[in-house]
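Novice: Handing you this structure, nothing more for now.
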């Protein structure tokens, strides 16, 4: 056992070999390296698999009761100051290491085929391997200085991969947005680290926790306001990294990178880094009640905000991005209420489910690109999808499992962890628990909206006369899945027929004069005629992805089905302590858990949350499944036609407000644009004007004045007698005038 811990230092550095070898190959033998580029996927997967095996062995030892292991190497800078580097192995480290390596391996296998035709294939694998190295270094760090070093490396790799296709202006702007937003959090993190060093005189976690809790909390040796400020600055770094409100704005734009990296960022690396930091520092935060309240409040706001912003997105990856934001809010909420176990449990289950969904979306995008084009505005647009079930059955099945898991449907993984968070929230605040519970219904709604628009009904991209441009009225499917051609009725629950049209559309909600989209009106009667023209473009259909892309989906689907078993807690009378609780025992000794093991209460609370989730699924099925399926009658929808005109208008107004809020990202980006970006640019222009007119004016004025003064003196002393006589007579005249 001791030998295993002694060699744990290799964990971060093994994947680094791939980056170094690719770099040396491109430097020394570039032609040969590029010719055999597909071979580099094998060592990348192999080396990360070695780390996974090693991490699994460490995890087994932790579960079997091993203590925390730390190794430090001191680097003396002066006689009074030294930095220590090393590694820390504890339950949190082993959990994160397994998460990073398992998800990372699946993403690398998937990427081999997904990126095979990209010119940046080698660069992609070099970045990915370095990304894994940086994240593994972060989770094994024993102190704040080492954390900060790898924290910056994780951010750098994220920026490189978000802007991987840097020749596209949108990707370059997304990279800059992620960089600038995270700079705010990283600056706060650095100030917080320096502040706690000033308080405790140490960067080491163990020393930091002991000194702070014993000497400061108990003896009141430091100003509590200053300690709270430093803790908030540390938390600010996690807010930016994990895309929590209000520094979440970079996350949807980060979808401009390749889809495999989106899966890795959202499941196990970039956004998980902020959660890891809060979990690592929780023994410190838990002694500062104000910070715990702030953490839980920020988490709750993010839960609700992310869910509402996902409601009306058309881009499949951006919908998943807002879903990630909301689910990370659940984890942050759990950490804020002191439910350490539930937070890590949901981090695990969400990672596998979200990786499955992102890789599934990549499979969908990969199959749609030959049909609609390679622009993300089209290939990622759910408006152009539909009916993919018969073309991509394996992708559909795995995506469906991931969707059910994220909706919190038992017995899939996320059900157990999410409901444990909601259950523990009741102990902290009924208001928080109620909001978290009802947000589960929103999650179920937008996830099934995504699933139904993508897989159910008919393939909409092959309809003749279809335009994929955003200014096309056909394009504008709203939150409720219908045409958006009129400003008042653009967001109706379902498009309805024109009164001049004698035919009837039985499942429309309102019988009024709003014009139905032609593709919906003719869907059942003349669907096949849309595919009868001879244009070869319209004869294209999606196809199932290759085996190397399907294999990771199937493995992640298995994880999604069964990984929840590690944390199922029935209570001592029914079953022994679950695996996750045994795993976390050394870490949980440092914390006061705010959780309950009452199985009856868990089932009762789970019944409410699952019922709300099923209600969200039902509403999504009503609003989306009825339009794009072959069902002829849906009496619930038809009942809306009986409402009076005032009620319909009021309902439309409410829907418009919800749609506009969601589609426009809650107007937060607009606010930042007007207040911060334009404000900073205005200040920059003012500073530039002041510099040009005042600073440069004074400097240039002195130079010009010196020039003319020199020219004048040169002219006077130029050796001309007439000038001397004129100057002499002028001086004599002045003297005579003064004398008189």
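Here the Cβ of each residue, glycine as well, is placed from N, Cα and C on the backbone.
Sequence annotations record features per position, and here Swiss-Prot assigns transmembrane segment to 9-29, 89-109, 147-167, 185-205, 231-251, 259-279, 328-348, 355-375, 397-417, 426-446, 548-568, 607-627 (among others).
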Novice: Answer yes if the transmembrane segment (328-348) and the transmembrane segment (355-375) have at least three CB pairs under 8 Å among residue pairs 6 or more apart in sequence, and no otherwise.
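Specialist: No, since the transmembrane segment (328-348) and the transmembrane segment (355-375) share fewer than 3 Cβ pairs closer than 8 Å, they do not count as touching.
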Novice: Looking at the stretches 89-109, 147-167, 397-417, 426-446, 548-568, which one shares the most CB pairs under 8 Å with the transmembrane segment (259-279)?
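Specialist: The stretch I would name here is 89-109.
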Novice: Please report, as numbers and ranges, the same-chain residues at least 6 past the borders of the transmembrane segment (426-446) whose CB is under 8 Å from any CB of it.
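Specialist: For the transmembrane segment (426-446), the nonlocal Cβ contacts are 296, 300, 303-304, 307-308, 310-311, 319, 322-323, 326-327, 330, 333, 337-338, 406-409, 418, 594-596, 605, 608-609, 612-617, 619-620.
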Novice: Counting Cβ pairs under 8 Å to the transmembrane segment (397-417), which of 185-205, 231-251, 355-375, 548-568 comes out on top?
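Specialist: The stretch with the most close Cβ contacts to the transmembrane segment (397-417) is 548-568.
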Novice: Going through 147-167, 355-375, 548-568 one by one, which has the most CB pairs that fall under 8 Å from the transmembrane segment (89-109)?
Specialist: 548-568
Novice: Residues of the same chain, at least six outside the transmembrane segment (185-205), with any C-beta under 8 angstroms of its C-beta?
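Specialist: Same-chain contacts beyond the ends: 72, 83-84, 88, 142-145, 148, 151-152, 155, 211-212, 216, 222, 226-227, 229-241, 247, 274, 277, 280-281, 284.
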Novice: List, by number or range, the same-chain residues at least 6 past the transmembrane segment (548-568) whose CB is under 8 A from its CB atoms?
Specialist: 102-103, 106-107, 109-110, 112-114, 341, 345, 348-349, 352-353, 355-356, 359-360, 362-363, 366, 394-395, 397-398, 401-402, 405, 411-417, 420, 578-581, 583
